[in-house]
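Report on one structure; see the data block that follows.
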Ligand code: GDP
Ligand code: MN
């Protein structure tokens, strides 16, 4: 789960991280009202669940009400990487002497939360990570001790020679770590964290991701959750007893069992294809699940071929075949489908599928190759 910048700012504020004031607005009228009470430089910022807003023109400074209204008119309704801007914030603008990057991630290699800081913060941080990774300093936090004062200060000294400034930054790192733990976060970024000419350190952008599997114990996050189209599909799938994760490829996969679903994606990759999704229909033999699974899978516009890979155990292949036939009667798709059935009642299942004229194969590697071939037609 992701949250908007303004929600991250609210979290920062709650934990005592210095952050400029902001007002959330949905309409130009609300901007006008907000600006009646403000007579200093502000920054008008698009609130969308994607990054790179600055480069897309979604962040604009405004000296007065007229400029703020003009910026709001430009930004509201704007499209940023496929997201329509429906809300903006008017934030007190920071006077920036220098921009820094601060981030916390779950680092799988070190099996720890890792603090990353850089003096090269701002909109080019991805580029820095690629071309000058040594400019990003990392510290693996021991989960038993947490981020100790001296460790936070050591990291802060990589950004600030002045001890007073380093102390302020270290305090921000520790507070961000507290938020990270308290919210079951998987990513917490302040980019940029800025130094002002009068030596204040402020967070002026915030990005937070949270572990979906921990949301059950995060009622405050669930209450503010906004889901995008892909996430909604994943949630709908879960309600129907399916595990679905959308990916970027063009070969739709329908598989029973998580392990086989992973192996199926690997197999597609091995033959040079790209899976469009992970989809585990689980261990039951309920034909309705196949109908639901096909509907979800084919709602992805990128899918150009479907590979159905079933290993019958408790799931009986003839039931899957019946579900598939029912599904295709209602869906009527032009997308080519290849079916591999193996295990319990495979022969019965394959006989049923053959009647529909769909291509059937007996091994997983044949299925992957056939699906890739069909996707290219
Ligand atoms: P992002 O592009 O989505 O990461 O949006 P940010 O909030 O990080 O803003 C992008 C850039 O706009 C920052 O790196 C700053 O250079 C600039 N910016 C954002 N807020 C302010 C502000 O309050 N004052 C000034 N002077 N520049 C700002
Ligand atoms: Mn940013």
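Note that Cβ sites are derived from N, Cα and C of the backbone, with glycine treated the same way.
Whatever TrEMBL says is automated annotation, not expert-curated.
The substrate site in TrEMBL is built from 313, 314, 315 plus one of 209, 213, 250, 256, namely 256.
Per TrEMBL, the candidate among 45, 87 that belongs to the ATP site alongside 52, 53, 54, 94, 99 is 45. Comparing Cα positions, residue 191 (Mg(2+) binding site) lies closest to 53 out of the binding-site residues 53, 313, 314, 315. Counting only same-chain residues six or more apart in sequence, the Cβ atoms lying under 8 angstroms from the Cβ of residue 94 (ATP binding site) belong to 20, 43, 194, 196, 202, 204. Residue 45 (ATP binding site) carries a strand DSSP state (E or B). The two recorded residues residue 314 (substrate binding site) and residue 99 (ATP binding site) have their Cα atoms spaced 58 Å from each other. Filtering 53, 54, 94, 205, 314 by Cβ distance to ligand 1 (under 6 A) retains the following binding-site residues: 53, 54, 94, 205. Ranking the binding-site residues 205, 256, 313, 315 by Cα distance from residue 54 (ATP binding site) puts 205 first. Neighbour counts of Cβ atoms within 10 Å were taken for the binding-site residues 45, 53; the minimum is at 53.
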